[in-house]
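Annotated in Swiss-Prot:
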- 1-25: signal peptide (SIGNAL)
- Asn33: N-linked glycosylation site (CARBOHYD)
- 39-73: topological domain 'Extracellular' (TOPO_DOM)
- 74-103: transmembrane segment (TRANSMEM)
- 104-110: topological domain 'Cytoplasmic' (TOPO_DOM)
- 111-139: transmembrane segment (TRANSMEM)
- 140-151: topological domain 'Extracellular' (TOPO_DOM)
- Cys150-Cys228: disulfide bond (DISULFID)
- 152-179: transmembrane segment (TRANSMEM)
- 180-185: topological domain 'Cytoplasmic' (TOPO_DOM)
- 186-213: transmembrane segment (TRANSMEM)
- 214-237: topological domain 'Extracellular' (TOPO_DOM)
- Asn224: N-linked glycosylation site (CARBOHYD)
- 238-271: transmembrane segment (TRANSMEM)
- 272-279: topological domain 'Cytoplasmic' (TOPO_DOM)
- 280-319: transmembrane segment (TRANSMEM)
- 320-325: topological domain 'Extracellular' (TOPO_DOM)
- 326-349: transmembrane segment (TRANSMEM)
- 350-399: topological domain 'Cytoplasmic' (TOPO_DOM)
- Cys363: S-palmitoyl cysteine (LIPID)
Amino acid sequence: MRSLSLAWLLGGITLLAASVSCSRTENLAPGRNNSKGRSLIGRLETQPPITGKGVPVEPGFSIDEFSASILTGKLTTVFLPVVYIIVFVIGLPSNGMALWIFLFRTKKKHPAVIYMANLALADLLSVIWFPLKISYHLHGNNWVYGEALCKVLIGFFYGNMYCSILFMTCLSVQRYWVIVNPMGHPRKKANIAVGVSLAIWLLIFLVTIPLYVMKQTIYIPALNITTCHDVLPEEVLVGDMFNYFLSLAIGVFLFPALLTASAYVLMIKTLRSSAMDEHSEKKRQRAIRLIITVLAMYFICFAPSNLLLVVHYFLIKTQRQSHVYALYLVALCLSTLNSCIDPFVYYFVSKDFRDHARNALLCRSVRTVNRMQISLSSNKFSRKSGSYSSSSTSVKTSY
């Protein structure tokens, strides 16, 4: 029960993590109730409900000029959708193909394959909802798809980021363990990988539960738009959210990042201390490329968003206003690039993935690949037999 409570606590963190920006609106009257957005500050309008065509319309929120400028500016209506379009166009087919390879083309389910399959699944579950997010930003941050789809979009959006961090950490530790202990029992390792993967999915589900429970869409009459996860009433901000987000940044980002970096440093030391034949040198170079790719993902995708998240809520806590939210939006947008980088990680980690990806791009069926492998093996055996026969003949003639 204690662990469940902690998971719910972390969930409360995630739920206040995103938001948008850009447009203008009216100044707030002093008699109105304060309401604070997850990132933008607004106020609940208390006048009687407006009616349109005889149908009551629920009171909306008014926001300050800074928040309005973000919600209507080019940052959220041009830059963000362009990046999301790029991520969708690259991430959907690449992760779809990766998941297909891991599930249907890879026979041996090693721990690395299990972690990479889960990572590809997390990316795919996030990317498939991007058309809704792209449409939302292109239409001036106006959400027209209902409350339920907004909750699903936000839940999968944040769940993907933390899933990627945790599965990338597992993959890094597993790669180091393979180098240090190459003779370990593969079936036992695979069972452990399955258990760890299930635990990660359960943790992410618990963490994102509040995103599905709380109201995510807010109507802003001054702009005539309905925002999705961009404005939230102040009364829902229960407790010190800065501490929650700080805990999430330390527990789900900083600690896994340090663990990943440590695993790669030890991996390089181990490879350097081993005998450097041609095969070991290729393995070391591939490991270095993998390290560079993963570190680039952390520094570009995860570090800025988690750092600015903490700074943003610290400013809201201490100054009741945050002017770094536009930067946080950019960082959060860049965090989605991990869905494009992950397939390159699979390429560097797994030779089987490289072979299967090449065969898939060349439209070779499994049967065709098997025939080619049998033919190649037969040719190698024939050459070895011919070499043995010629050496035997030369021995006989010498006598």
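Cβ coordinates come from backbone N, Cα and C, glycine included.
Sequence-distant contacts of the transmembrane segment (280-319) (same chain, six or more residues past either end, CB-CB distance under 8 Å): 16-17, 36, 39, 41, 161, 164-165, 168, 172, 175, 240-242, 245-246, 248-249, 253-254, 257, 260-261, 264, 267-268, 271-272, 274, 325, 327-328, 331-332, 334-338, 341-342, 344-345, 348-349. The most densely surrounded of the disulfide-bonded residues Cys150, Cys228 is Cys228 (count of other Cβ atoms within 10 A of its Cβ). Cβ contacts within 10 Å of Asn224 (N-linked glycosylation site), excluding its own Cβ and spanning all protein chains shown: 10.
Listed as Cβ neighbours of the transmembrane segment (152-179) (distance under 8 Å, sequence separation of 6 or more from its ends, same chain) are residues 14, 17-18, 111-112, 115-116, 118-119, 122-123, 125-126, 129, 132-133, 189, 193, 196-197, 200-201, 203-205, 207-208, 211-212, 216, 228-229, 252-253, 256-257, 259-260, 263-264, 266-267, 270-271, 287, 290, 294, 297, 301-302, 305, 335-336, 338-339, 342, 345, 349. Of the recorded residues, Asn224 (N-linked glycosylation site) and Cys150 (disulfide bond) place their C-alpha atoms 18 Å from one another.
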